[in-house]
Each structure stands twice: as structure tokens, then as C-alpha cells.
């Protein structure tokens with residue numbers, strides 16, 4: 001390994017700026033919507049007499065906010081590029097999970113408060129009131145079924161449970177979310193006391209219609225459009241390391257996708273067993289107008305099956321997604337921190353850095369894996385590093401060893417000008433935690449760190 005000192009330069013000019021939605025814009029829009037929901041409730045709330053009406057009113061507002069949270073949760077995961085490129089996939093996923101917890105809490109409170117409030121108002125017991133609601137109020141039974149499905153999805157999405165459930169099982173159960181929302185939507189329109197006026201019902205339907213249109217377009221119609229426009233097919237499948245393969249997909253005018261190094265696409269390979277599910281895989285080489293390459297580790301049934309893909313297999317593509325791109329750079333130099341198969345997007349960024357030449361600034365790659373055999377694309381990395389004078393540090397074996405630069409403040413010894421670098425970080429959970437802690441100890445500002453999590 002050789003270290004070459006280069007004169008820092010300003011970050012390379014960006015090809016073009018995409019129109020995106022930032023954090024403040026999205027939070028403001030969601031807040032305005034929440035205020036509108038509160039206004040809807042207030043407009044339809046008359047003078048409340050007695051504890052029963054007060055509790056019922058609280059049940060109504062929690063139900064409305066819960067329904068609104070459902071729409072927000074769907075919006076966060078509609079895979080719209082103008083959301084993803086501005087906020088990043090990781091952040092959207094975290095916000096989606098957080099919104100899911102809120103909506104379950106709100107809907108649970110709605111069920112309890114409405115039942116309790118009606119029970120107080122009528123003087124009946126809770127059990128009798130539940131029976132009455134299920135029989136007398138339109139679509140309550142459907143809403144209960146929908147709520148149960150949402151709880152099931154929430155339980156399977158909990159981190160401790162999710163790790164024990166295969167992706168295919170989780171994916172199939174997650175599809176029940178659409179059934180649950182459909183059942184609950186019918187209940188809101190037929191039984192919701194706040195939708196007696198036409199404008200309120202029209203506004204609620206419009207909200208869900210817009211979100212549904214975004215979901216249908218970006219999740220289903222856009223991949224079909226991409227398939228017709230670009231004709232993507234598998235061109236080659238190559239073994240890279242134990243349990244790791246690269247898949248090259250050829251097509252026409254692939255540059256029109258707008259994919260950049262560091263991003264990923266969701267891939268659906270049209271085989272008898274894989275056509276029904278899409279999976280996110282990062283580009284492991286800088287994209288061209290005729291080829292895209294992904295590198296995949298066998299972590300489940302689907303990813304293991306990619307080894308059996310044959311040239312000519314058709315594919316559907318969604319994306320590109322992810323904000324781990326050169327557009328995030330603000331400093332003269334760059335540090336790439338990769339763990340395991342997390343090297344894939346950073347390998348593509350490394351190639352882009354090479355192609356940009358001297359204007360790209362100084363670069364360092366730190367790549368850790370369990371063994372030498374697990375260092376994916378090592379020969380390619382070495383060639384790029386030699387040609388572009390990039391400093392590369394490999395580390396193998398358990399973390400915390402003598403060659404682990406993430407221990408203490410060793411990272412600053414490897415990269416003395418760490419404060420003048422943007423840090424791109426990708427890998428499995430434990431690696432990400434160790435790397436983030438190391439960067440924090442070295443005083444690297446959070447705004448200089450750009451991360452993508454690979455859950456292995």
C-alpha cells in the first residue's frame with residue numbers, strides 16, 4: 001500500500017440538481033396536514049356535555065390523527081425519487097417506522113376511547129358496548145379486522161422479531177397493510193362523525209387518492225415503463241467471493257435513468273420464483289448508458305438464487321434511490337468506510353472518483369471484512385487505487401484487533417486531515433455503530449458523514 005499526498009481541491013461540480021423535498025419542507029407539510037385534521041375535528045365538535053361526550057371526542061380526534069398517520073406512513077414509503085434523493089432511504093425508513101408506531105398508538109387509543117365514551121354516555125358496560133358497536137355501527141367489524149392486520153405487521157416489523165423472520169415472509173405479511181388500510185378507510189367514511197359535510201369527505205378521499213396514485217406509479221407502473229423503455233436483461237453472472245455474485249444487466253439508454261455511483265435500485269428478476277418480489281441492490285460499478293452492475297451476497301432465499309440467473313433473463317427496475325452520492329460532498333477530500341458487502345456502493349464511488357481525475361481531491365478507503373476471501377472486488381479496487389493515487393487500508397478478522405483503525409482514535413492517524421473530508425459509510429449494523437463511534441471520538445461533524453445501512 002502506498003500513500004500519496006495530493007493538493008486538496010474543491011468538490012467536483014455536480015452534473016445537475018434534481019428537484020427534491022428536504023427535511024424542513026416535509027415536516028412543514030405534514031404539520032400543516034395535522035393542523036387541518038385538527039381543524040376538521042374542531043369544526044364538527046359541538047358543546048360537550050358530560051364525561052361520555054368528552055371521552056368520545058378524544059376518541060374521534062385520535063381516530064382522525066391515526067388515519068392521517070396512515071397516509072403519511074404510506075407517503076414515506078411510496079419510493080418517490082424526489083423524496084428519497086432529498087432525505088435518503090435510511091431516514092425515510094426510520095420515519096416510516098416511527099410513524100407506524102404512532103399510528104398504532106393512535107388507533108389503539110381511538111378504539112378504547114370511543115368504546116369507553118359510548119359506554120359512559122349510554123350507561124352500558126364495556127362488553128355490551130363492544131357488541132353493540134360491532135353489530136350496529138357500519139363497517140366497525142371491518143375496521144377491527146384491519147386494525148388486527150396492522151398490529152400483525154407492526155409486530156413482525158419490530159427489530160427483535162424482524163431479525164428472526166425471513167424477508168419473503170415479512171414481505172408477504174407487509175402486503176396485508178394495503179388490505180388493512182382499505183378496510184379501515186371504508187369504516188372512516190361510513191361511520192366517521194366528522195365526515196357529515198361533503199367537503200370533509202372529499203378532502204379525505206383526495207388525500208388517500210393522491211397517496212395511492214404515488215404508490216401505484218412509483219412501485220408498479222414506473223418499473224413497467226422502465227422495462228419498456230430500457231429493455232433490461234441479465235448479461236452476465238460472475239462469482240466474486242464465497243456466497244457473493246455480480247450480476248450485469250444490459251439495456252438501452254440506461255443513462256436516462258439518472259442513476260449515480262453510490263445509489264441502488266430495486267430489482268425484480270422475472271423468474272418463476274422471483275417475479276413477485278423486488279429487492280434493493282446497490283450499483284457496484286459506475287453506471288453507463290448500456291450496463292448496470294450489482295454485487296449481491298447470499299443472505300436469504302432470493303439473494304442466494306441470483307447465482308442461478310441465466311443471461312437473457314428479463315428484469316424490472318425501480319429507482320434509482322439513495323443519497324450516498326457525490327452530491328453530498330462539501331469538503332475537499334473524501335474518506336470511504338466499508339464493511340463486508342457494504343463495499344458495493346463505495347466501489348462505484350471509487351470508480352467515479354477515479355474518472356474525475358485530479359479535481360476529485362484526496363481519497364482514502366478503509367475496507368474491513370471477516371477474511372481475505374471476503375474482500376470483494378479487491379483486484380478492481382487495487383487497480384483503481386493505483387491509477388488514481390487513492391490510499392487503501394484493508395482490515396480482516398474480528399473487530400477491535402491490532403489492524404482495526406476504528407479502535408480509539410486510530411482513524412485520525414490514518415487520515416490526519418479527517419476534518420476536511422466527507423465520510424461515506426456503508427456496511428452491516430455492528431460495523432456502522434463502530435465506525436460512527438470512531439468518527440464521533442475523532443470529532444467529525446455529523447453533517448460530514450453520509451451513511452447507508454446494510455442489514456446483514
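Note that Cβ sites are derived from N, Cα and C of the backbone, with glycine treated the same way.
Transmembrane segment is the annotation TrEMBL gives to one range among 26-43, 44-61, and that range is 26-43. The feature transmembrane segment, as given by TrEMBL for the ranges 2-21, 102-121, sits at 102-121.
The transmembrane segment (63-82) shares the most Cβ pairs under 8 Å with 202-221, out of the stretches 102-121, 133-158, 202-221. Residues of the same chain lying 6 or more positions beyond the ends of the transmembrane segment (133-158) and with a Cβ under 8 Å from any Cβ of it are 97, 100-101, 103-104, 107-108, 111, 114-115, 118, 165, 169-170, 173-174, 176-177, 179-184, 186-187, 190-191.
The average pLDDT computed for the domain 'FAD-binding FR-type' (227-327) is 91. Within the same chain, residues 57, 60-61, 64-65, 68, 72, 83, 87, 194, 200, 203, 207 sit at least 6 positions outside the transmembrane segment (26-43) and bring their C-beta atoms closer than 8 Å to a C-beta of that stretch. Beyond its flanks by at least six residues, the transmembrane segment (202-221) meets 33, 36, 40, 67-68, 71, 74-75, 78-81, 185, 188-189, 195, 318 of its own chain at Cβ-Cβ distances under 8 Å.
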